[in-house]
Each structure stands twice: as C-alpha cells, then as structure tokens.
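Got a structure for you, written out below as structure tokens; questions coming shortly.
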Amino acid sequence: MDSRGFLSLRCLLVLALASKLSCGTGESLMNCPEVPGKLGSSLQLSLASEGISKRMNKSIHILVTRAESPGNSIKKKIVSLDLPEGGSPRYLENGYKFHLENLTLRILESRRENEGWYFMTLEENFSVQHFCLQLKLYEQVSTPEIKVLNWTQENGNCSMMLACEVEKGDNVVYSWSEKLGIDPLIPANSSHLLHLSLGPQHVNNVYVCTVSNPVSNRSWSFNPWSKCRPESSVPRQWRLYAGLFLGGIVGVILIFEVVLLLLRRRGKTNHYKPTKEEKSLTIYAQVQKSGSTQKKPDPLPAEDPCTTIYVAATEPVPEPAPEPVQEPHSITVYASVTFPES
C-alpha cells in the first residue's frame with residue numbers, strides 16, 4: 001500500500017471515530033433542565049415537551065434511563081416500553097410508575113439515589129428523539145430559631161449579635177428583615193448572623209429571619225429588646241417570688257399532713273389502752289390489851305391476846321404516763337394498836 005492509500009485509510013478511521021463519539025455523546029450534549037424535588041415526597045417528572053408528545057403515536061419503542069452524570073456512559077434502565085404490545089411496560093424499575101398518555105414518570109417516594117439525569121428515547125421507524133432532565137432533591141427546611149450570641153449595654157443603648165439556626169434543610173439561604181420595615185436587612189455575606197445596635201426608640205422593633213431552599217421556606221420573628229433592656233431583671237424577680245410562694249404552699253401542705261398523721265396515731269393509742277384498775281391498799285392492824293409487860297411463858301396460839309384486823313382501803317390512783325403502762329400493785333401497811341386494861 002502506497003503512502004497516499006495509507007493516508008486515506010487514516011482519514012476514514014478518524015472520521016468514523018469522530019462520528020461514533022458524536023453519536024455516543026449526543027445525549028450528554030443536550031441542554032437538560034434542572035427540576036427541583038422535595039426529598040421523601042412523591043414526584044412526577046414530565047419527560048417530553050408538547051411537540052414530542054404529539055408524535056408519540058408514531059413511536060414504536062420508549063426507553064427511559066438514569067445516569068449519575070450527563071457524561072456517564074453507564075445508565076440504569078428505568079422503563080422499557082413497546083407500543084405495539086398495548087402499552088404495557090416490558091420493564092419497570094421498582095418505586096416508579098410510567099404514564100403513557102402524557103409521558104410522565106412518577107417516583108412514589110423520592111430518595112437520594114433517585115437524583116440524577118433522566119434520559120428518554122423515542123424510537124420511530126426511521127428516526128430517534130431524545131429528551132432529558134436533571135432531578136435535584138432537597139430536604140425541606142425546618143422552622144428556624146433565633147438565638148442571642150452576645151450583647152452589651154452602655155448609656156441606655158444595646159449592641160447585640162443574633163444567630164438564625166435550622167436543624168434540617170439542604171442549600172439553606174438566610175434573609176433578615178424588620179417586621180414593619182420596608183427594606184430588608186442585609187447581613188454580611190448573606191450570613192445567618194445579624195448585628196444590631198438598639199436604643200430606646202427600638203423597643204417595639206421585631207426582626208424576622210427567613211430560611212429557604214428551592215422546595216420550602218420558613219420564618220421566625222423575634223423582639224431583641226426583651227433580652228437587652230435593664231428591666232429584664234423584673235421578670236426574674238417575679239419568677240423568684242412565684243417560686244417562694246409555691247414553696248410556701250407545699251410546706252403548709254406537708255405540715256398539715258404531719259399533724260394529721262400524729263392525730264391518727266394518738267387516736268389509735270387511746271383506742272387500744274387497757275382498762276385501768278383501782279389500786280388496793282391492804283392495811284394489817286394488830287390490837288393488843290394493855291397489861292403487865294412481864295415476860296410470861298409463851299401462850300398457846302389459841303390464847304394469843306393480839307387480834308389482827310385486815311382493812312382494805314382504796315385511794316384515787318393518779319393518771320399514769322401513757323407509755324409504758326404499769327401493772328397495778330398493792331401496798332401493805334402494818335399497824336399495832338394496844339388496848340387499855342379493864
């Protein structure tokens with residue numbers, strides 16, 4: 001092969017390669033519009049324009065794929081549909097539904113893996129049409145909260161740094177405004193921080209923080225003077241007084257409960273106290289006739305001149321102590337009485 005033929009062959013190979021590359025990257029070179037979606041919700045994607053929908057009757061095959069990037073050569077098949085077979089999808093990925101009447105793809109519950117570039121191919125007898133879109137999912141923002149980072153007070157004026165914070169949300173944008181103001185406040189670099197210099201004329205000023213992303217927005221209002229004014233110590237005193245008042249009520253209730261408990265215990269003690277018995281005092285008295293004190297022989301027991309008298313006397317018994325209960329006892333008294341001689 002001469003040099004001229006070899007050069008012609010090289011030109012043909014280059015042209016064939018360029019043609020193949022242009023065909024392979026045709027979808028990636030399309031202008032794919034971005035469609036925002038709310039994460040976790042049901043989404044419906046319109047995969048074709050009105051002009052393409054009108055030519056759907058001429059199509060014989062529909063293919064929908066998804067790729068992580070527009071230039072990615074590997075795509076995941078989502079829907080494969082042959083129109084002559086009655087419109088029933090030959091293949092349908094789990095979590096999707098395809099509506100043939102308007103060429104829309106429905107995602108039942110969107111997740112992060114559903115993000116990406118969706119391509120739809122309409123094959124006709126002698127032509128092929130392409131359509132694409134980019135699905136971008138965002139988490140819905142939560143209600144913001146305004147916090148006071150720091151504040152200083154001097155000569156009746158107050159300088160304060162506010163921070164607007166959210167717990168959830170993707171690509172969050174912060175904006176500040178005054179509730180009764182016309183122009184929005186412009187923090188540095190559209191930050192979530194806002195620096196304020198307040199005076200007595202700003203007592204009723206209310207500031208609003210708004211957070212937003214492509215699928216949601218929330219706002220929260222705040223009156224900073226309530227945190228900055230010197231009179232802010234008054235509510236603290238009221239809280240202290242309220243706490244003392246409640247503590248006093250609780251103390252009175254506790255004392256009342258203790259008194260009731262003591263009264264109940266005393267009533268039970270009186271109920272079970274045994275019946276008191278009178279003390280019996282036994283007095284032994286001996287009576288003897290007067291006479292000679294000369295010593296006589298011991299008389300027989302039957303002639304004993306002494307007569308013993310037993311007298312039982314009863315006296316009031318003093319109230320004993322509640323505890324312990326003492327058993328009743330007897331006191332014996334011995335007395336000697338001498339009769340004169342007759």
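Using N, Cα and C of the backbone, Cβ positions are placed for all residues, glycine too.
What you are looking at is a predicted structure, and each value in this text was computed from that prediction instead of being measured.
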Where Swiss-Prot annotates a disulfide for Cys164, which of Cys32, Cys209, Cys228 is the other cysteine?
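Answer per the record: Cys209.
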What range among 130-135, 136-141, 238-243, 310-315 does Swiss-Prot record as motif 'SH2-binding'?
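That would be 310-315, per the motif 'SH2-binding' entry in Swiss-Prot.
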Taking every residue in the motif 'ITSM 2' (332-337), what is their average pLDDT?
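Looking only at the motif 'ITSM 2' (332-337), pLDDT averages out to 56.
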Compute the C-alpha separation of Asn157 (N-linked glycosylation site) from Asn102 (N-linked glycosylation site), stating it in Å without decimals.
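Given the Cα positions, Asn157 (N-linked glycosylation site) is 63 Å from Asn102 (N-linked glycosylation site).
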Can you tell me how many other Cβ atoms are located within 10 Å of the Cβ belonging to Asn157 (N-linked glycosylation site)?
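I get 13 for this one.
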Do you know which of the glycosylation sites Asn150, Asn217 has the most other C-beta atoms within 10 angstroms of its C-beta?
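Of the glycosylation sites Asn150, Asn217, the most buried by Cβ count within 10 Å is Asn217.
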